[in-house]
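Peer 1: Got these off Swiss-Prot a minute ago, pasting:
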- Asp113, Arg114, Ala115, Tyr116, Asp117, Ser161, Ile162, Glu190, Arg213, Glu249, Lys364, Lys388: NAD(+) binding site (BINDING)
- Lys192: active site, N6-AMP-lysine intermediate (ACT_SITE)
- Cys479, Cys482, Cys495, Cys501: Zn(2+) binding site (BINDING)
- 660-747: domain 'BRCT' (DOMAIN)
Amino acid sequence: MSTTISDSIASMISRINDIVITVAPSGDSNDSHRHSQIICDGGRTIQPLDDSSETTLAYADPNNPYLSNIDGDFRPIEQLSEEAAVEQATQLREAIREHDYQYYIRASPIIADRAYDILFDRLQALEDIFNLDTEASPTRRVGGEPLDELETVEHVTSMLSIDQSTAVDSVRDFDERVRDVVGDLEYICEPKFDGLSVEVIYEDGEYIRAATRGDGNRGDDVTAQVETVGAVPLKLHGDYPSYLAVRGEVYMPKAGFREYNRERIECDEKPFANPRNAAAGTLRQLDPGVVAERPLSCFFYDILDATELPPDQWTTLNDLQSWGLRTNDRISRVDSIDDAIAYRDQLKAARAELNYEIDGTVIKVNDRGNREILGATSRSVRWAFAYKFPPRAEITHITDIVVQVGRTGRLTPVALLDPVDVGGVTVSRASLHNPEEIKRLSVNSGDEVRVRRAGDVIPEVAEVTQKRATGTFNFPNQCPICHSSVEQDGPLAFCTGGLTCDAQLVRTIVHYGSRSALDIDGLGEQRVEQLVESGVIGELADLYTLSVADLSKLDGWGTTSAENLIQAISETQTPSLTDFLVGLGIPEVGPTIARNLAGTFDNFDAIIDADEAALREIEDIGPTVSTHISEFFTNEQNRAAIDNLLSAGVTPQTQQSTATTNAPLSDLTFVFTGSLSVPRTTATTYIERHGGNATGSVSSNTDYLVIGDNPGSTKRIDAERNDVPEIDETEFTELLAEHDDTLTWPP
């Protein structure tokens, strides 16, 4: 047997007690009776025997599905007592976690992949045969049962975005703003990963939940998917806090992406455009087993909440690493913005060498106290800035220019291109934005142009490199869909047809039923186009008068699919006021502003009647947004569409209207901190089910801060600042009984 194999397996079992592995000698692969034996004696002594040794202690079992085509096996499982199996499984879990830590965190694997697989397969066999599976077992990474759909969950604290720019002047402006408030400071500079941001929660060191960023307040529950990612530990390492919520970036390494796309092409499947799309698409798979087969990885870079928060970002990164949460090794601690700019330039030069995609750097204020002073808006933090790389660009030709009609009636010119690779993505269409941009570029079909991906995402025409066509594209004065007249609003052009324009109607209905609005399952764009083109739907309110007969006569519809859609639509007749406002498609009104509107006014009519001055008093609503809201509700076509929705039985529910005798906790807002007797998600669901609100951060609107074991300091400081009373779980139980003696805790 070769020294390399012997050394690898010796290392492999150095942490496992009283396990025997037999390995066929390399000299004669056909000799099934000659084995080298390696014994680990209580984890202390390793005794590899020479190649001439013979043993009958263990033989490869061709009927064992967990050990196929390998060089060795452990003692036959049927010879183990249940007690021995439990002990061996515990030892194997510890060994595999240690090897995961060495591989993902220290990047210094001490065993070969083949040897690791032997350990993993043995553990899986023990767990299946003796029913020993645990929540934190490494074998859970192979993926569980497929899900019916992705649930939406609320984050423990808002996952805010970061202001960004490719201009160095913007970076210096950020530095001046920060120093004006807090004076001298340190920055931590990190790569800006181009993947999918996730929140991961651990309780008592064990993996509990993972969710995508979503809108920053709520995201998709991807717990089953993320637990298959090898770089995400299911059990933390070292001296970890009892409660921990962290932020990381799931990504697909470049090498894995290339290999995965090669496999898709061989199977006649469409390849992914880039690693980010591949990672995002994979993580949203309903079958965790599919996720487990794809090459995802993860970097962690922030602590969102914990029983005790580190004093600064540098300590945060070191703590994450010590707990087995993989951090990036290209991080710098600097004193000046010049050094931060230099870091970005160095990272840009090294970008092609990295095995993961980045699109810039993130400059963060190091000290947590300074961060709290700087604060945040509802959208982004004020203590960090993303210095982006300039978008990649290539030269190609325009073959045609078409005009698209959006949901709000906005007309957008789009250049059709000879396909060109821009930063690893094949681009065949690029935005020309608006009529003014066409005039500025003096562009027409046939011209040679430079195309770039704005923000490394959206293709756009940057400039004409060679004029090959005569003149400039003539922008239409009629809508290309409904032929209504086109009106100019500054640099933008709009169709005046409103919801009588099929293009606007289709996009309006799709938006109304989207997950960020009323979340109508089965109401995708292709189905809506079919419903509009066939004349089954002529306006938004027609959704609520659809019948099985209407749908069954259309191609591709059966009785079951028709009944399912009608049921999904009927469940939205009493939407929350927030979701209804989002669904209406008011320009610039997303979930945050809709939530602020719903929380300020008593009912929907009050919002409709509010003047711009009253609207501007609301958080996050300035002159532009207030004008959009006011104009939307004074538009006759919009008012008619809303009246028809209300006549069809749609009744938006305010917080006040949902406060019934069956909602004993209505009007109460709770925040939890520390480890509770139940998972945080269970507590949140319980509060909401009984009419209350459970939020991730303390504000003046919070009624109670519920304190669990080992609570964090930030929420308690905020509670003291806002005069919010603190109660423990016992007092919380008593409070529930005061409101309704049928409420019990734990639920």
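Any Cβ shown, glycine's included, is placed from N, Cα and C.
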Peer 1: Could you say whether, by DSSP, the residue listed as 'active site, N6-AMP-lysine intermediate' belongs to a helix, a strand or a coil region?
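Peer 2: Reduced to three states, the DSSP call for the residue listed as 'active site, N6-AMP-lysine intermediate' is strand.
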Peer 1: Consider the recorded positions Ile162, Lys192, Arg213, Lys364 and say which one has the Cα lying nearest the Cα of Cys501 (Zn(2+) binding site).
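Peer 2: Closest recorded candidate to Cys501 (Zn(2+) binding site) by Cα: Arg213.
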Peer 1: Can you tell me the CA-to-CA distance separating Ala115 (NAD(+) binding site) and Lys192 (active site, N6-AMP-lysine intermediate), as a whole number of Å?
Peer 2: 35
Peer 1: Near Ile162 (NAD(+) binding site), which residues of its own chain have a C-beta under 8 A away, given they sit six or more steps off in sequence?
Peer 2: Val362, Ser380, Val381, Ala384, Phe385, Ala386
Peer 1: What is the separation, in Å, between the Cα atoms of the residue listed as 'active site, N6-AMP-lysine intermediate' and Lys364 (NAD(+) binding site)?
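Peer 2: Cα of the residue listed as 'active site, N6-AMP-lysine intermediate' to Cα of Lys364 (NAD(+) binding site) measures 11 Å after rounding.
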Peer 1: Relative to the Cβ position of Ala115 (NAD(+) binding site), how many further Cβ atoms are located within 10 Å?
Peer 2: 23
Peer 1: Cβ within 8 Å of the Zn(2+) site's Cβ centroid: which residues qualify beyond Cys479, Cys482, Cys495, Cys501?
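Peer 2: My list of surrounding residues reads Val405, Gly409, Pro480, Ile481, His483, Ser484, Thr496, Gly497, Thr500, Asp502, Ala503, Gln504.
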Peer 1: When DSSP is mapped onto helix/strand/coil, what comes out for Asp117 (NAD(+) binding site)?
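Peer 2: For Asp117 (NAD(+) binding site) - judged by DSSP and reduced to three states - the answer is helix.
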Peer 1: I need the least crowded one of these binding-site residues (Cys495, Cys501), counting other C-beta atoms within 10 angstroms of each C-beta.
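Peer 2: Result for the binding-site residues Cys495, Cys501: minimum number of other Cβ atoms within 10 Å at Cys501.
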Peer 1: Out of Asp117, Arg213, Lys364, which of these binding-site residues is nearest Cys479 (Zn(2+) binding site) by C-alpha distance?
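Peer 2: Comparing Cα positions, the candidate nearest Cys479 (Zn(2+) binding site) turns out to be Arg213.
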Peer 1: Between the recorded positions Lys192, Arg213, Lys364, whose Cβ has more other Cβ atoms within 10 Å than any of the rest?
Peer 2: Lys364
Peer 1: If I restrict to non-local contacts, at least six residues apart, and a C-beta distance under 8 angstroms, what lies near Cys482 (Zn(2+) binding site) in its own chain?
Peer 2: Cys495, Gly497, Thr500, Cys501, Asp502, Ala503
Peer 1: Would you please pick out, from the binding-site residues Asp117, Cys479, the one with the fewest other Cβ atoms within 10 Å of its Cβ?
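Peer 2: Among the binding-site residues Asp117, Cys479, the sparsest Cβ neighbourhood within 10 Å belongs to Asp117.
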Peer 1: Quick one: average pLDDT across the domain 'BRCT' (660-747), no decimals.
Peer 2: 78
